[in-house]
Amino acid sequence: MTEMPKKTGRKFKFFKFKGLGSLSNLPRSFSLRRSSASASIRSCPEPDTFEATQDDMVTLPKSPPAYARSSDMYSHMGTMPRPNIKKAQKQQAVQKAQEVSRESHLVSRRLPEPPDLEAAKEAGEGTEALLEDTAPSAVEVDPMRELEDLTVDTEKEQVPGDVSPERTAAELEAAGDYVKFSKEKYILDSSPEKLHKELEEELKLSSTDLRSHAWYHGRIPREVSETLVQRNGDFLIRDSLTSLGDYVLTCRWHNQALHFKINKVVVKAGESYTHIRYLFEQESFDHVPALVRYHVGSRKAVSEQSGAIIYCPVNRTFPLRYLEASYGLSQGSSKTASPASPSGSKGSHMKRRSITMTDGLTTDKVTRSDGCPNSTSLPHPRDSIRNCALSMDQIPDLHSPLSPISESPSSPAYSTVTRVHAPSATPSTSAQPASPVARRSSEPQLCPGNTPKPPGESDRAPHASPSHTLCKASPSPSLSSYSDPDSGHYCQLQPPVRGSREQAAGETPRKARGSGERQKELLENGVSDGEWGKTFTVPVVEATSSFNLATFQSQLIPKENRPLEVALLRKVKELLSEVDARTLARHVTKVDCLVARILGVTKEMQTLMGVRWGMELLTLPHGRQLRLDLLERFHTMSIMLAVDILGCTGSAEERAALLHKTIQLAAELRGTMGNMFSFAAVMGALEMAQISRLEQTWMTLRQRHTEGAILYEKKLKPFLKSLNEGKEGPPLSNTTFPHVLPFITLLECDSAPAEGPEPWGSTEHGVEVVLAHLEAARTVAHHGGLYHTNAEVKLQGFQARPELLEVFSTEFQMRLLWGSQGANSSQAWRYEKFDKVLTALSHKLEPAIRSSEL
């Protein structure tokens with residue numbers, strides 16, 4: 001019994017030895033199979049037989065491991081073992097890691113050159129030698145094992161020993177650029193049919209959408225826009241790359257490319273109503289297409305100084321998405337930085353195009369790769385950009401001390417902040433911190449660099465901030481040549497001051513300047529002799545009316561006349577019936593603009609007023625006489641039109657036809673001419689109680705002139721109501737005379753006649769209406785030059801008839817209504833007297849129905 005276990009143990013030991021020996025001999029018996037394996041196996045070292053594990057890829061299946069799950073070893077079909085599942089999954093993971101590794105270094109690694117025949121033979125012989133050599137003296141590492149290590153530890157990078165960390169970082173950055181480049185390349189590789197279809201879809205959008213206009217080119221560089229405008233009069237609109245949300249008008253005039261910035265502001269018309277306006281010099285528009293139509297249609301110069309006229313749009317032939325990708329690629333690949341700059345790698349522009357805003361900088365400022373070559377000494381590339389980029393706040397100051405934005409009133413209705421730079425007392429090169437209030441909160445304080453200035457601008461440099469000192473002290477050779485592609489030199493929208501700079505430097509800067517002084521400085525800009533820049537002229541307070549009845553000379557009315565002479569009334573009726581409503585509206589508008597000092601303002605008148613335009617004078621204390629004159633003209637115009645209607649003693653059809661023409665006149669004044677003053681006067685005549693009670697006349701109007709009745713009831717009356725309540729206003733680009741009646745009535749309420757409850761008289765919304773009109777007055781005062789320009793455009797080429805101009809003059813109307821004697825009476829007496837006359841005329845045409853007759 002004792003010998004049996006020993007014999008069994010000996011047999012077991014012998015079997016174990018033979019089994020292990022046979023397993024260890026497997027690689028030698030299958031050497032031919034190993035010779036046909038991949039060439040990469042030649043670097044695999046051959047350790048001792050009992051110490052090394054065999055490769056799964058090139059050996060026969062080994063015995064199953066000691067511990068195995070049933071799901072790994074046996075299938076659901078039977079008990080057949082399947083030990084290769086884990087190995088197949090591991091092999092797939094290794095192959096996937098290998099593909100990822102190859103893609104990540106696709107750009108940085110150079111592809112090996114294809115070997116020739118001799119090299120292939122040598123490689124084959126070397127492979128056989130390595131396969132036969134099993135000594136542990138091999139030095140190279142198995143690439144498959146390297147990939148396995150990569151999959152286990154993903155955070156550990158395999159860096160060759162001869163490659164520096166800087167090179168590896170550059171390769172990784174280049175790999176990121178390659179991914180971004182592929183995205184842009186996908187856009188550029190679109191088929192022409194797809195691009196053409198996309199362009200058609202953009203052009204089919206609403207006309208108010210900027211993308212629907214072919215002259216809009218989106219975000220293209222400044223240099224590209226200059227190459228697109230080739231002939232005088234060519235123009236295009238592009239996005240401002242330095243001021244987010246603004247646009248730039250690029251045109252060519254006198255063989256020179258000019259750039260004009262279009263500022264976007266938010267105008268607060270009421271407490272809860274705001275709308276966006278686009279300011280351009282002294283003009284304001286609802287949208288950019290309206291600005292383009294205005295300048296192209298009127299052939300008005302874009303700026304007074306340059307005299308540039310735009311009339312030939314440069315249309316785009318590709319969609320906006322394609323243009324941005326195309327010019328972005330060309331810009332990023334063409335610009336190279338100095339070797340010392342960390343952002344000088346190729347493709348860095350495309351990598352950083354995805355940045356939208358960094359510390360107030362727009363994309364173009366961040367993506368510059370040729371900024372400061374010595375920026376490696378700074379802690380972060382963003383600091384170098386902050387110190388070397390141009391500030392939009394200082395670009396206008398390099399040209400003129402008066403920025404176009406500086407004209408905007410200090411009103412919460414405007415999003416831009418008034419920027420006034422007082423002249424320094426003595427020229428100084430020391431750095432002084434600038435006030436943070438002098439710039440917009442969304443714009444950083446940046447270094448202007450050594451931007452070249454026009455001649456004579458060296459003594460007008462703005463105060464430098466600490467960042468300015470840092471940038472000026474930098475010995476960078478390329479700093480002087482730095483120029484932002486979009487923020488460069490915008491053309492001046494205001495003429496430069498021609499006064500003596502020495503006197504301006506010697507004077508003490510005033511801390512606060514009123515509206516009159518500021519506008520007087522604007523007035524001085526256009527003076528050739530510079531006399532107004534030396535002394536200040538006190539405005540003259542007018543005490544007498546501009547309507548001088550004593551010196552009035554007329555071709556239609558005699559020197560002495562009685563009120564409402566029949567022959568004179570008949571003559572006026574004939575003159576009004578000879579022309580259409582539009583011609584009448586032009587005559588009325590011309591006289592209105594002359595009275596309100598929108599047109600015909602001379603330099604002497606501006607000196608006496610202290611301001612440039614009558615619209616600003618209306619809001620000032622010494623403009624009281626002008627306010628009274630406008631109130632006189634408004635009521636006199638309404639009464640004369642009412643007399644014209646009530647004096648028609650013919651049939652109801654004749655009065656209805658005259659009523660229809662009056663409605664057409666109101667529509668022309670509102671729409672075609674943009675004259676809200678006379679529009680309100682005509683509507684005031686139609687809404688008089690003496691006219692609105694003529695039921696037969698209005699019934700005939702609805703039957704014979706239905707469109708006129710609908711126009712009056714559905715459009716004109718609601719529009720006038722919204723004007724009086726301060727809820728709605730006409731577009732500034734189409735306005736020649738704004739609706740000034742509410743606020744001049746508020747300012748002169750003790751002198752205005754009582755005509756019933758006003759919109760601001762209600763207890764519910766009275767205060768809101770008053771505030772809306774007072775804020776509208778500030779807007780009116782600010783846009784006096786715009787109304788002047790619009791009036792000149794509307795009346796350009798207009799040949800007025802002297803008789804009609806005289807009929808619509810206030811002196812003629814006063815003489816016609818009250819005679820030569822009564823015209824000099826008090827205003828209250830005249831209005832009260834004529835109210836009774838109008839009531840009598842109305843009852844004569846359509847007597848009131850008595851209660852006994854019902």
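Please read every residue number as a count from 1 along the shown chain.
In case you wondered, yes, glycine gets a Cβ from its N, Cα and C as well.
Computed from a predicted structure; not experimentally measured.
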Among the residues SER400, SER435, SER474, which does Swiss-Prot list with the feature phosphoserine? SER435
Check the candidates TYR67, TYR414, TYR787 against Swiss-Prot and report the one noted as phosphotyrosine. TYR787
Phosphotyrosine according to Swiss-Prot, picked from TYR186, TYR216, TYR273: TYR273
Pick from SER22, SER225, SER577: which does Swiss-Prot describe as phosphoserine? SER22
Can you dig through Swiss-Prot and tell me which residue of SER354, SER415, SER651, SER820 is labelled phosphoserine? SER354
If you count Cβ atoms within 10 Å of the Cβ of TYR278 (phosphotyrosine), leaving out that atom itself, what do you get? 20
Modified residues (TYR273, TYR787), the one with most neighbouring Cβ atoms at 10 Å: TYR787
What counts of helix, strand and coil residues does DSSP assign across the domain 'SH2' (215-314)? 18 helix, 39 strand, 43 coil
Can you work out the mean pLDDT of the predicted model over the domain 'Ras-GEF' (580-848)? 91
To the nearest whole angstrom, state the Cα distance for the pair TYR787 (phosphotyrosine) and TYR273 (phosphotyrosine). 23
